[in-house]
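*Asks:* Summarising the annotation, TrEMBL assigns transmembrane segment to 46-64, 76-97, 118-145, 206-224, 233-256, 276-298, 318-337, 372-392, 413-438, 444-467, 488-509, 521-543. The Na(+) binding site annotation in TrEMBL covers G52, A54, V55, N59, S287, N319, L384, D387, S388. The disulfide bond feature in TrEMBL is assigned to C157-C166.
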Amino acid sequence: YTCIKNLILHKRNIKKTFLFFLTPTPTQTNPSGEEERETWGKKIDFLLSVIGFAVDLANVWRFPYLCYKNGGGAFLVPYLFFMVIAGMPLFYMELALGQYNREGAAGVWKICPIFKGVGFTVILISLYVGFYYNVIISWAMFYLFSSFTGELPWVHCNNTWNSPNCSDWADNGSVSDIYKATPAQERAVLHIQDSNGIDDLGRPRWQLTSCLAVVIVLLYFSLWKGVKTSGKVVWITATMPYVVLTVLLLRGVTLPGAIDGIKAYLSVDFLRLCDVWIEAATQICFSLGVGFGVLIAFSSYNKFSNNCYRDAIITSSINSLTSFFSGFVVFSFLGYMSQKHNVALDKVARDGAGLVFVIYPEAIATLPGSSIWAVIFFIMLLTLGIDSAMGGMESVITGLIDEFKFLHKHRELFTLFIVVATFLISLFCVTNGGMYVFTLLDHFAAGTSILFGVLIEAIGIAWFYGVDRFSDDIEEMIGHRPGRYWRLCWKFVSPCFLLFMVVVSFATFNPPNYGSYMFPAWANMLGWCLAMSSMTMVPLYAIYKLCTLPGKFCDRLAYAITPETEHHLVDNGEVRQFTLHHWLVV
């Protein structure tokens, strides 16, 4: 009896001990005593966050127009080609980089310290984009609030804010006529007609400032607790656009002229193939969101053994399919507008803000129950924008918190500081002349600089850290090495593609303009200073690193290009980057 009793007690103690180890404590620590990095609550939280960031407003307002303008279905040939040789490999590279090193955009460069400057480059770019991207969301919110009315305010020219130039579609043969404007064009919420240019901004408009403040509050409470909160928010913001796009498509295809619009969208003109490669390459670079540090930040919260290869294929494919699908929605309504007003489709079709804040609202305003359709549409724009803005802010917050460890304990306060600073700068974009500031930021903040950042990132990983070593890291995580195709893309194809895009970007640069307004020289200089401020972080940090390391130049260089975990090998004179095998192996 005593033996049986002791055995039962022993089993109970084992069970208690087992449960103790299974139950997570509020703060997990690793053997070195450091606090473990938090992870996503569920795998789907991560996937939705990545999809929500990559699928943004540009999927709706840029891709369909590019496809239509550049040969319809023929545009898909170069688009898919660049997606396979550059888009997916770079997407996969960033997810793997963040997941293995479990740090933000700057911290991951412990694998090659001399390139840490590129981490600060992408963090700055994400911050700059936040200055004007949040303004787009505030426009959508303003339109949303304006839609809660019996008659949409952009259906006629009888409003107090209309100017003598206001004209409906029947009188205004072309929406691009600089002397006349439709009610929806004059609904441009910044009241740019009250400004003479970028040197005449005026005060922030209280309506837009209020909407911007609401956006900032939403962003803060989505980000303040890290992935614990943002991973839940994306369940709404990442899925809602697909529901709304489907509803709008079902309504759009029933409109007269919709089929003609869709046919124009899909019409194949292979004669245009020689002219569309640059457009397709540019779209790939910006549509996937590579180079903003967001993919690195998001994947750094994954479990170490997560299959990042599968995630890269799934999320990048969904992004491209969403762009293609949204084209049916857009062009069903454009075909309807073309037939309704008896104008050519190319007079209606446009990209950018003009599509979602002028053409689409005008089309919706002509439908029965227009207010309901307007509310649905602008809710979609809000959700498309919010999760992308969340991704950009998370890149900044995670990147800086991981680099400056003392900020870990003050994440909520630091997040508040970042969003408030973003709000204050964004106020310049909600003045009467705010559209000029917006255009300048949009032109310079993330153009050539983002291509340059991804190029240096690819060179640092594939050549200096080494494709073979990077492949070993991936094998350690997911159990198998990347195939030769991926390794060849990382080492040769993608860097050459990016170098080509950087050269083309500089060679084909055109100064920004807004309609017929040309920016003064000082504004262009300011824009270039903004772009260069992020790009110069790469050489500045490299110089700083080489100057602060001890020893002779060769020793400093060896330490600077060797992973921090291998510095003990440098002490023994073993520097694999100084061997020919390192540079030739794939």
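First residue shown is number 1, and so on along the chain.
Glycine too: its Cβ is placed from the backbone N, Cα and C atoms.
Because TrEMBL annotations are produced automatically, they should be read as predictions rather than curated entries.
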*Asks:* Rank the recorded positions G52, V55, C157, L384, S388 by how many other Cβ atoms lie within 10 Å of each Cβ and give me the one with the fewest.
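*Replies:* Sparsest of the recorded positions G52, V55, C157, L384, S388 by Cβ contacts within 10 Å: C157.
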*Asks:* Could you tell me the C-alpha distance between C157 (disulfide bond) and L384 (Na(+) binding site) in angstrom, no decimals?
*Replies:* 30
*Asks:* Of the listed stretches 46-64, 76-97, 233-256, which one has the most C-beta pairs under 8 A with the transmembrane segment (372-392)?
*Replies:* 233-256
*Asks:* Would you confirm whether the transmembrane segment (488-509) and the transmembrane segment (318-337) meet the contact rule of 3 or more C-beta pairs below 8 angstroms, pairs 6 or more apart in sequence?
*Replies:* no
*Asks:* Do at least three C-beta pairs under 8 angstroms join the transmembrane segment (276-298) to the transmembrane segment (521-543), pairs 6 or more apart in sequence?
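*Replies:* Counting Cβ pairs under 8 Å, fewer than 3, so no.
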*Asks:* Do at least three C-beta pairs under 8 angstroms join the transmembrane segment (76-97) to the transmembrane segment (521-543), pairs 6 or more apart in sequence?
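*Replies:* Answer no: the transmembrane segment (76-97) and the transmembrane segment (521-543) share fewer than 3 Cβ pairs below 8 Å.
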*Asks:* Excluding the flanking five residues on each side, which residues at least 6 beyond the ends of the transmembrane segment (413-438) place their CB within less than 8 Å of a CB in that stretch?
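*Replies:* Tertiary neighbours of the transmembrane segment (413-438) are 127, 130-132, 134-135, 138, 188, 190-192, 194-198, 200-205, 208-209, 212-213, 216, 219-220, 223-224, 393, 396-397, 400-401, 407, 514, 517, 519, 523.
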*Asks:* Let me check the 10 A CB neighbour count of S287 (Na(+) binding site). How many other CB atoms are there?
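*Replies:* For S287 (Na(+) binding site), the count of other Cβ atoms within 10 Å is 24.
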*Asks:* As a test: from 46-64, 206-224, 444-467, 521-543, pick the stretch that has the greatest number of Cβ pairs under 8 Å with the transmembrane segment (318-337).
*Replies:* 46-64
*Asks:* Within the same chain, where does the transmembrane segment (46-64) have neighbours whose Cβ lies under 8 angstroms from its own Cβ atoms, ignoring anything closer than 6 residues to its ends? I mean 6 or more beyond.
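*Replies:* Residues 40, 95, 136, 227, 230-231, 234-235, 237-239, 241, 265, 283, 286-289, 294-295, 298-299, 301-302, 306, 311, 314-316, 318-319, 322-324, 326-327, 329-331, 351-353, 355-356, 381, 384-385, 387-388, 390-392.
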*Asks:* Hey, which bits of the same chain come close to the transmembrane segment (444-467), Cβ under 8 Å, at least six residues off its ends?
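*Replies:* Cβ under 8 Å, 6 or more out: 90, 93-94, 97, 109, 111-112, 114-115, 118, 121-122, 125, 128-129, 131-132, 285-286, 290-292, 487, 490-491, 494-495, 498-499, 501-502, 505-506, 509, 512, 527-528, 530-532, 534-535, 538, 561, 563, 576-577, 582-583, 585-586.
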*Asks:* Take the mean position of the Cβ atoms of G52, A54, V55, N59, S287, N319, L384, D387, S388, the recorded Na(+) site. Which other residues of that chain put their Cβ within 8 Å of it?
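*Replies:* Same chain, not in G52, A54, V55, N59, S287, N319, L384, D387, S388, Cβ within 8 Å: I51, F53, D56, A58, G289, T322.
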